[in-house]
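Annotated in TrEMBL:
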type: DOMAIN; residues: 65-152; note: domain 'Ig-like'
type: DOMAIN; residues: 157-247; note: domain 'Ig-like'
type: DOMAIN; residues: 252-345; note: domain 'Ig-like'
type: DOMAIN; residues: 389-493; note: domain 'Ig-like'
type: DOMAIN; residues: 544-648; note: domain 'Fibronectin type-III'
type: DOMAIN; residues: 653-751; note: domain 'Fibronectin type-III'
type: DOMAIN; residues: 753-844; note: domain 'Fibronectin type-III'
type: DOMAIN; residues: 848-940; note: domain 'Fibronectin type-III'
type: REGION; residues: 733-758; note: region 'Disordered'
type: TRANSMEM; residues: 964-986; note: transmembrane segment
Amino acid sequence: MTESNEEVPEDQSFRSGDYVTLENTVVSYVNISRAGVEHSGEFTCTAKNDAGQIHHSRWLRVPGPPFVRPMKNQTIVAGETMKIRCPAGGYPIHRISWERDGVRLPDNHRQTVYPNGTLFVRQVERTVDEGRYTCTIRNKEGESARGNLYITVRVRPVIEPFNLPPSVQMGQRLSITCTVIKGDPPITLKWLRDEHALKKDGDIRIHNLADYSSTLLFDPVKPEHRANYTCVASNEAGSERHSAAMVIHVPPRWKTEPNDVDVIKGRSVMIDCESEGFPPPRLTWRKAEGSVPESYKPISSSSHLHVFENGSLTILDVGEHDAGYYLCQASNGIGSGLSKVISLTVHVAAHFTNKFHAEIVKKGQDAKLSCQAYGERPLTILWTKDRQPLNAKLLSRYVAAHFTNKFHAEIVKKGQDAKLSCQAYGERPLTILWTKDRQPLNAKLLSRYRQTETVFTNGSLSELLIESVDRGDSALFTCLARNSYGKDETNIQLIIQETLSLAFVLGVDFWCHYYRRRHSYSRDRLGKMIFTDFAIRLSEKPDIPQELRITRSTSRTIDISWSPPYSGNSRLLKYLLVYEEISEIRDKISTGKTPSSDAKQVTIPPSETTWSINGLTPNTRYSIRISAVNALGESESSNPVEVATEEEAPGGPPLAVKVLPLSSTAIKVLWEPPEANLQFGKIKGYYVGYKTKESKDKYVYKTLENKENFREERILTSLERSTKYIIRVQAFNSKGAGPPSDDIEGETLQEDPPRPPSLEVLGMTSSSVTLKWKKDTADTSPANGYIISYKKEYGSWKSEEIFGELNTYTIGNLQCGMRYDFYITAIDGNGEKSEIITGRTSGRAPIAPEKEDLLTVNDTSVTIQLNSWKSGGCPITHFEIKYKQQRQKNWILFADRVSSNRKSITISSLSPSTWYQLQLTSHNEAGPTEAEYIFTTGAAVKGALPDAVLVSGEAVPFYLELEVVLPVSLSLVVVVAVLVLVCLIVRKRNPTETSQTAASATYVSRKSQAGESVHMCEMEKSTYQRPVSRAHDPIYYPTPYATTHIADGPCRKSLEAVERELQDEPQYATVKRTPRPPKSDVHIYHYPVHIPPELLDELQATSSQWDDDGRSSLMDTGGYIG
């Protein structure tokens, strides 16, 4: 809405607005309060939408003297039409006229003055139309008014047309000049190439001769300069442009130049020949008719020769007649063209005419094999035997690297030095390398590993010295030898022996089994000592799998790998993989190896060393560990490895989406984040999409980033009035957007709701607060009333409705001295609430009096003057009274609700000459006030002093209070009683343990057993009671580990006797680690066993059945088998 080409001002005189009728017609209006002659003039209403705009004008005539509103100076571009309206006011107006520099208009055919005061000037020219224009208005009474403005005419640039030659040759020089022949300075010139700014190029230079002229220089012209060039000239009045196309003719040049070709007879060949230029060149092939490149014959495509569109020549199944000279020629009409002669040479491959024949030779005779080959020289002939090259041993006297001993074992005690040696034979130079368990020697071990090498006549001797061996050195060492004629290897099994401990009980169980089976053959009792061999295989739980690591991690999968552990000399049955999520709480605590209730376990075949864990949750940390299982049980779990899965786009939509219409053009959308377990990463933001309900258009999305203090809401603006919209919300994170929420429908309002007024506290009393509000000056929506909402501190909201045009209101029945919150909203529509303000009713909590005004004390009582309390502005409701002696801790409640109507109250029956504390609490609506007073009663005997007078109100020491002394005393008595009881129990247990030891010794005494089957434990009972000969050598027991544990069994107790008898004798266990050479995993043990004399003959008869080497060695060694 405009007034004489100026916007209608927003002040107290004008009010504008619009509304929509039931017929969906938009009505706009302007209200003028107290119209005066200064408001007269022409008012124009403009309506516009995406399709266009329309205007409507009406005059407002207010009787009064004529006047002209101020006019602003204007700048007009030469050649355009100028329209000036005289902003006249007053009524009635008799005539409106125009002048330019004192000359009445119109003064030529281009000028027209209309009765409403509008001046039109067509095809404006600077020389005749620039100047000062005056508008004069008059009425019939002779009154007049004048107004002036200055018209400035600007001339836009005019470019002199330029053209380029129809054909530009590559390599020549060229210039393009752009000259502005008309236009106001300053003028800016710039060049465009194919509608893009011309970039600086060493071959293209811009030379400006003056501000109105610019020249493009090409030195030289290149094919890539072909383009459309535009000169743009600009000044304050406008801009003009002129373009010209540059066409560059380029003679042919090689893109792929053909070269001489060699081909084997019978194969196919392709000869590339490709050129470029403008216009695109045409390629042709010719072949020389003779052996000299002179006369050529065109080549036509056939089944044998074919020319492709790109110029390549293909010859299939090349024969000797295809050899010769070929010419590739390119031409496009520019220049003399391009050509190249190449030669095709056909070679004959080595071949035999006779593909196979047989030769028969008698054994012991010489054999002569011959073959005749054809082909171009040089011709090389090689012989093979059974498709393999002939062995060097058959062709010369040289010897390949080899070992005479392929395997042997070395047994070394733990802590000693080990010396491994291998002797290789063969021609020099001879290279020898060492490996451990088929792997190169670890650099960490090289500090203890030393290698020496000795060269002799027909080979080399390599020695590997290992200092202070331990269990980790038990392995299969391989010695590799290599020379120019071959390679070989030998293997050395290094076995480490460790001291045998009492925990070596597993072997006894096996001994029990074997001896029980063999004893069934015994008949006689000879009472002699023999040595016999037992075949025993020792096993234990496997080691912990090593090198557990993460090889790959995605949002749903984790790939792991590990190294297989030592099997415990028993085949691995499976691996147990345990993984679990790490919560925020568990993340702060050290993760143990005991699986939680939420852990998941996976069984993996023993042949696998890699595994994929699937079905995981994105953006989650996991703890993973693994253990190995064999027939004897499960190993310890590996140290846990922690890894986090990657993020993934959210898997769930935002929740609780709802809409709230705010106005005719705005809707508020609110929602909650997706479920926490479906976010799959940090939510980076949201997409809010909307469209009209009946529209088939795509959703319009607004993006909200999740920044600090982010709230899940968005106000959609610039919507259509009273229109239904479909709205959806999507969450997104760093990996993408999740599924959208269900579509929800919202509708804009028909009318805009009133804006919230500004609210303030006008006054207050002890029970009421008076509020005042002021309507927003920009709010044109009528309000039929308001709703005032209020609540006290920590209370709930209450509301009161107000109708009419009131702007003040008093809320009564409020609590004295209490803080209240207030806000106001309009009754009409869904208007927003105002800002919350705070006010407090008058009054405060009660005020405590001085001690002298409050208390009156005598020998046995104290009187409290309640009326000495001040109310603080809020009436006192009641009092609460407590008292106690100074040295006591517990208060005595005298009265919990004394009416405020009482003026005084007396506490009697007090002790004379005693200090007291008084606690008095006064209550009113504003809150309680608590005060404490200390006083002393009078003396019953004149001159007596109060008991235990305390300086500065100090309390009685805590160790004199009964509440402290009694619990501490009882606790000390209980502790002493418990200690005495423990001592008595310990003294009673000592004799029992002594008797048990004696019983154990009696149990291992010799005991005869009748029958054919004697348990090994019983044999041990009769064996270990005898003294052990100290003259024997130490006994060695090969086992994978030095300490092996088994469950309790019938043989367990007997080992205690074994330990006591053998505790002074040095014992060792042989440790043998995988990998092993191919051999049996059965070990031979020499075990001291006592055999009765009557069984010796039977053992001699049956020993061949179970000796490892098929024979038995009998020795009379005092009744022991060793």
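Yeah, the Cβs are placed from backbone N, Cα and C, and that goes for glycine too.
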Worksheet, complete the sentence: Given the region 'Disordered' (733-758), its same-chain partners at Cβ distance under 8 Å and 6+ residues beyond its ends are 19-20, 555, 646-655, 657-667, 669, 671, 674, 678-684, 687, 689, 693, 719-727, 773-776, 778-779, 781-783, 786, 807, 823-826, 828-835
Worksheet, complete the sentence: Taking DSSP helix as H, G and I and strand as E and B, the domain 'Fibronectin type-III' (753-844) has 0 helix, 44 strand, 48 coil
Worksheet item: Do you know the DSSP helix, strand and coil residue counts for the domain 'Ig-like' (389-493)?
Response: 10 helix, 59 strand, 36 coil
Worksheet item: Roughly where does the domain 'Fibronectin type-III' (848-940) sit in mean pLDDT, to the nearest integer?
Response: 91
Worksheet item: Which numbers of helix, strand and coil residues does DSSP report for the domain 'Fibronectin type-III' (544-648)?
Response: 4 helix, 47 strand, 54 coil
